[in-house]
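As recorded in Swiss-Prot:
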type: BINDING; residues: 33-40, 639-646; note: ATP binding site
type: DOMAIN; residues: 309-587; note: domain 'ABC transporter 1'
type: DOMAIN; residues: 607-936; note: domain 'ABC transporter 2'
type: ZN_FING; residues: 252-279; note: zinc finger
type: ZN_FING; residues: 738-764; note: zinc finger
Amino acid sequence: MDKEKIVIQGARAHNLKNIDVEIPRDKLVVMTGLSGSGKSSLAFDTIYAEGQRRYVESLSAYARQFLGQMDKPDVDLIEGLSPAISIDQKTTSRNPRSTVGTVTEIHDYLRLLYARVGHPVCPNHGIEITSQTIEQMVDRVLEYPEKTRIQIMAPIVSGKKGTHKKTIEEIKKEGYVRIRVDGEIYDINDEIEIEKNKKHSIEIIIDRIVIKEGINTRLYDSIEAALRLADGYAVVEIMGDKELLFSEHYACPYCGFSVGELEPRMFSFNSPFGACPTCDGLGTKLEVDVDTVIPDRSLTLNEGAIVPWRPISSQYYPQMLASACKEFGIDMDTPIEELSKEALDIVLNGSKDKEFYFEYKNDFGMTRETWIPFEGILPNIERRYRETNSDFTRDQMAQYMTDLPCPSCKGYRLKEETLSVKVNNHHIGQISEFSINEALDFFDSLELSEKETQIAAPIFKEVRARLGFLKNVGLDYLTMSRAAGTLSGGEAQRIRLATQIGSRLTGVLYILDEPSIGLHQRDNDRLINTLQSMRDIGNTLIVVEHDEDTMMAADYLIDIGPGAGEHGGRIVAAGTPEEVAKNKNSITGDYLSGKKFIPVPAKRRKGNGLELEIVGAKANNLKNVNAKIPLATFSCVTGVSGSGKSSLVNEVLRKALARKLNRNHAKPGEHKEIKGIENLEKIINIDQSPIGRTPRSNPATYTGAFDDIRDLFASTNEAKVRGYKKGRFSFNVKGGRCEACKGDGIIKIEMHFLPDVYVPCEVCHGKRYNGETLDIRYKGKNIAEVLEMTVEEGLEYFTNQPRIARKLQTIVDVGLGYIRLGQPATTLSGGEAQRVKLASELHKRSNGKSFYILDEPTTGLHADDIGRLLKVLQRLVEENGDTVLVIEHNLDVIKQADYLIDLGPEGGDGGGQIIATGTPEKIARSKKSYTGKYLKPILERDKERTEERIATAKKK
C-alpha cells in the first residue's frame, strides 16, 4: 500500500461515475467544480463516511447503537485513510447554552482561572471577602444595641434530603436541648416528623443571649462551639430582625455575604452550582413584548390595535375587552398613544381585584354571564403560552414574546455569589463580554501577584493560544458570550477549525466544506495560513472550496464535473493549480487562467428615482446608521466580517419591511424609522434554508409546476372516462397514491445495532402511485415517470404546455436543469434550494414593487454558477424593475452591483458605521474601505480582459 496517497477506486455515491482518484497525503487538497457536480459526494459521502465507518466498526455492538453507524459508501476500494474529522456547516449547535466560549473551551479555562486566583468581593460593601476570625464575628454581633436578643446556632444540615435521625441522635449525645428544623424550633426529645424525600435544614441552638456588658467571653465560647459543630459555619439570629451567617471560610464581616469554596463548577452556567436560579443559566427570560402586541400605537382598540386579540374565529376576547373598557371608562375610539397611563395599564396588565360584568354570546347563540376581574392582555398571553396543551396556541402566543435579559443576573447567566469573584476588578461574565481582541489585550496587561502568576501561567498559555487561533481565522470581532446558535455557517465552521488547531492533533484527515464563507477578502489570507499550518504539523486537508485564492494556495487541486448532476461526477482535471489552469477541459481552469471571467457591466443603473431610507439603526453594533437604497437597482451591502451587514439588512430592514408589508410579527432591530416603504408591495427573503423539511416536497411542488402537471394528467381522455380529478395524481392524499408506503415509495425498516434500512416499496416498486393511477399516460409517460425526469428533459417533454414550460424554463435559467422534478427537497444543497426559490419568483408576474433580499447567495457556487445567478438577479431588476439587495463578500458579485453600501471599518465594536456608498468604481477609490482596496485591482483586471476580448473579436 502506498503510504503517500489516499487511493479511491470505483466511487459511485450519488452522481459519481465509478471514478478512480489518488489524493496525496499530508497536503492541502482543494476539491472544486460546479454546484451539484459531486464534490460533496466524493469528500463527505465517500471519503469521510468510510473513515468514520471504519472507526465505528472497531467498537463493540453495544457502543455502536449509541453512535448511529454510517452507511457503507458505494465504493470498491479506499486505501491510505487516516482517522477522519469533518468540519461542515450543518453541525452547528443550536443549544441556547452553547456559546463561543464553551465551544472553544476558553470558558473552561476561565472557570479554572477564577477558581484558583479569583478574589471574592462583597457586592454590598465592595470589600474583599476573606475567612473571618472569631474576634471579627464577636465584634460584628456586638454592634447591635444593648438588650437585643440573639440566638446562636450551628447549621449542621443545609438543604439535604433524608430523615436525618442519626444526626439528631448525635446532637442528643452532645447534650444539646433544642434544634431548629426548617425554621421551626423543637425540643430534642420531641417526636420530630421529617419527610424523607424533601430537602431540610437543621440547626443546633447553642445559646440564647441578650446583648449587654460583659458577655464577650460567653458569646466567644458559643460562636466557637457553633463553628466546631458546623465545620466553620455559625448562624446568629437577631430576634425579630435577620440572621447573620458567619464563616471561617469566606463571608463579608459586615453583611454576612458569603461565598463557598471556590471551585470551577461554581463558574459554569450549565451547572446548578453556578447558574443563575432565575433564568437557569440562560441569561434571558421569555417575556411578552408590548411593541409586538401593539405594533401601531396610532390605532384605536376598535381598529384592532391589540394584534393577538383581533377577532379571527372567536369573539370571546374582543367581547371581553369591550365589556372591560365599558366598566372602567376606557374609550375604545381613542388611539393607544393618547390613552391615559392608568387606562393603558388596565388594558395591558389587568384590573387586579376590580371586577366587571361580562356577558359572552358564542357562535351558537348561548349566553354566559359573570362578574370577573380583567386579566390584562400581557398576563393573558403569558398564561396561555405556559399553560396550553396546544402546540398551535403556544406557537401563536410565542410570536408576541421575546427574550429579554434576566433581571437577576443582567444577562451574565451566573449566580450573584459567582459574579462577586473578581480577577483584576472583572468578574467572569464581564470577561466573556469582551471581543477576542479585547480579551487578548486584557490577558496581556493582567497584573497578578508572584504566586498567582505561577498558578495561572499554564492557564494563560492555553487561553492565549485559543484566542490567537480565533483571531487567525478572522473571528476577532466575536465575543465569548455570543450564543453559538446565532453564528453563521462560516463562523461556526471556523470556530470548530480553531478548536481543532488548539488540539494540535497530527496524522488526521480533515474534510472542510467552504471555510471561506462569510469571510472578507482581507481575512482570507489568515484563513489560508491557518490551513497551511494544520498541514505543516502532519495532517491531510481536503477542502471543498470555490474561492480562487484558496485554490491557488492548494498543493493539489481536483476539478469534478464537467457539469452538474447527471452531467457531472467525473474527474475533469487533477494536479497543481497551475496544471489545472492549463487544462482545456476544465471550466475551473478557464476561470483560473482568465479565459473565462464574469465581466464588469458596461453601465450602472441609477434606479427609478425612488429610494428606501433606513434612519437611526442601532441594532447590535450599528452606530446610529442612516442608509439609502435606490429602488429598481441591484445593490450590495459589503464590509469585513462582523461589521454589521446582517444587523442592518436582516435584523432591521428585512424585519421592518416584513412587519409592514407581510404582517409578520417578528420584532425588528432598534431603529428610528424606514422611509419609502409605500413604494413597495412585497418583500421576498431568498435564503438557503430547505424548500421543504420532508421528502414529499420537491422542485415541482415548490415552483407550482406539479399543480399544472396534475391538471394536465386529469385532462387526458382516459382520466376523464375514469372520473379522475387532479387530486388523484397527488402522492400526499388517499386515492391515487400507493397505500402500502403512503406515497413515500420507500419503507423504513428499523435495525437496532445497524443503521435503519430503507427499501423500495414492494407494492409500487418505488413509484409512489397505485396501478390504476399509473395507467393514465400523457405522451407515453405516466406521472411517476414524469417525476423521474430531469428539469431539462421535462422542458422538452412539456414544450407545448406554456404554463408548465415557463416554470421549468426558470429552473433551467438558474442552472438547475440537472435536478429531477420529483427530487426530495431534503437532498438539495443550500445553494440549490436558494436557486429553486429564485426560479419560483422568476416566473411570477411583477409590477416592479418587489424587494428581494439575499444573504450570501454565492455560498456553494462555482464561478460559472455565480455568472448564471448574476444574470438571473440582473433580470429581476432589468425586466421587472424590482429591487435586489445582496449581502456579499464575493468580488465577482460586488463588481456587478449598481450601488454599494460598505460597512466597517472593523468587525464587532470597531464596526457598525457606513464607510462609503456609491458605485463599485467610487468604493474602489475610497482610502478607508477595505472592500475598495481589494475591489480596485479586480475592476482594473476585468476591464482589461473585456477590452482584450472586444479587440480579439474585432480582428476576427
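The backbone N, Cα and C atoms fix where each Cβ goes, glycine too.
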Which whole number is the mean pLDDT over the zinc finger (738-764)?
-> 84
Lys39 (ATP binding site) falls, by three-state DSSP, under helix
Filtered by Cβ under 8 Å and at least 6 apart in sequence, the residues in the chain of Ser35 (ATP binding site) near it are Ala564, Gly815, Ser829, Gly831, Glu832, Gly860, Leu861, His862, Asp865
Can you name the far-off residues of the same chain, 6+ from the ends of the zinc finger (252-279), with a Cβ under 8 Å from a Cβ of it?
-> 97, 102, 107-108, 110-112, 114-116, 118, 120, 122-125, 127, 129, 132, 136-137, 140, 243-246, 285, 406-409, 412-415, 417-418, 420-421, 428
With a 10 Å radius around each C-beta, find which of these binding-site residues (Ser37, Ser641, Ser643) has the fewest other C-beta atoms nearby.
-> Ser641
The number of other Cβ atoms within 10 Å of the Cβ of Lys39 (ATP binding site), counted over all protein chains shown, is 27
Mind checking how the zinc finger (738-764) divides into helix, strand and coil residues in DSSP?
-> 0 helix, 8 strand, 19 coil
DSSP composition of the zinc finger (252-279), residue counts helix/strand/coil, works out to 4 helix, 2 strand, 22 coil
With H, G and I counted as helix, E and B as strand and the rest as coil, say where DSSP puts Gly33 (ATP binding site).
-> strand
